[in-house]
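Asks: Once you've had a glance at the structure underneath, I'll fire off some questions.
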Amino acid sequence: MFLSILVALCLWLHLALGVRGAPCEAVRIPMCRHMPWNITRMPNHLHHSTQENAILAIEQYEELVDVNCSAVLRFFLCAMYAPICTLEFLHDPIKPCKSVCQRARDDCEPLMKMYNHSWPESLACDELPVYDRGVCISPEAIVTDLPEDVKWIDITPDMMVQERPLDVDCKRLSPDRCKCKKVKPTLATYLSKNYSYVIHAKIKAVQRSGCNEVTTVVDVKEIFKSSSPIPRTQVPLITNSSCQCPHILPHQDVLIMCYEWRSRMMLLENCLVEKWRDQLSKRSIQWEERLQEQRRTVQDKKKTAGRTSRSNPPKPKGKPPAPKPASPKKNIKTRSAQKRTNPKRV
């Protein structure tokens, strides 16, 4: 009896720690690979425990998606079968909005009824959240906030990762071909890169879910800057590259400066990862103050320029136009008129 309880307890701890340590995974469902998000978590809203099970289930809707009966059908299906994994909702995947479900159903159900099918009960819209009353996603709600000058990159297999069977193309990739550029921790770098988050973290694990998808799980200790809330727990940093830059290893204590994109924390080539030092963290705070000061200066100059242009209207450029000379015909008429009015005396 005691042994069975101990085994059950160990199994529960293993599952609990496993879920906490690897909350997100790359989307591998073919229908959903071009969605605005590329990481998901299982189980999904239809209780599929793995993406392999979800792939088998979602295939039944491929023909319906191909006929393009609704502009939001693919989005809705992927939000159900491969829900987006975000920092704020690691334990409860976000559901699609009720309005998205209703649009997809109303658009496609007439076509389904022509073939004696109705909208499936598993995709019922009634239990889904309304946009202004709960948390949900819709195509209109997803925006891109990654700076345009940041290179979008893919991920490499040359790291300590959670193993999955590698594709043939993945095995051909060699770590030796990757040359990472060193990003120096200076004020000039900080001002030019304009990072959206700065954290002190410990690297917990690096997990691969394909040759072009790597998730670095870090334990956040301190938050110095963020554009959206970052929980002080284990969070995923997403890289999408054939080369792992900057290169990091598990168990390192580091300061990370990088970008947030679609509510996800990224780990990209121009990001800065340095061994943790108190002095460097103090510098980063000073650099952020300089960045904000620089922004205020630019805004003040724009306001001053706007007030000046309103109070002093622009003067016309160039010399004023010269008066046009009278035409020869008018001069002739004028002289003839003068002759008639003033005849010569004999």
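Our numbering is plain: 1 for the first residue shown, then up by one each step along the chain.
Cβ coordinates are placed from backbone N, Cα and C, and glycine is handled just like the others.
In case it helps, Swiss-Prot gives these features for our protein:
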- 1-18: signal peptide (SIGNAL)
- 19-139: domain 'FZ' (DOMAIN)
- N38: N-linked glycosylation site (CARBOHYD)
- N68: N-linked glycosylation site (CARBOHYD)
- N116: N-linked glycosylation site (CARBOHYD)
- 178-307: domain 'NTR' (DOMAIN)
- N194: N-linked glycosylation site (CARBOHYD)
- N240: N-linked glycosylation site (CARBOHYD)
- 292-303: compositional bias 'Basic and acidic residues' (COMPBIAS)
Asks: Which residue, out of the glycosylation sites N38, N68, N116, N194, N240, shows the minimum number of other Cβ atoms inside 10 Å of its Cβ in this structure?
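Replies: Among the glycosylation sites N38, N68, N116, N194, N240, the sparsest Cβ neighbourhood within 10 Å belongs to N116.
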Asks: What average pLDDT does the predicted model assign to the domain 'NTR' (178-307)?
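Replies: It averages 85.
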Asks: Could you state the whole-number distance in Å separating the C-alpha atoms of N116 (N-linked glycosylation site) and N194 (N-linked glycosylation site)?
Replies: 56
Asks: Calculate the distance in Å between the alpha carbons (Cα) of N240 (N-linked glycosylation site) and N38 (N-linked glycosylation site), and round it to a whole number.
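Replies: Taking the Cα atoms only, N240 (N-linked glycosylation site) lies 10 Å from N38 (N-linked glycosylation site).
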Asks: According to DSSP, does N116 (N-linked glycosylation site) sit in a helix, a strand, or coil?
Replies: coil
Asks: Cα of N194 (N-linked glycosylation site) to Cα of N38 (N-linked glycosylation site): how many Å, rounded?
Replies: 24
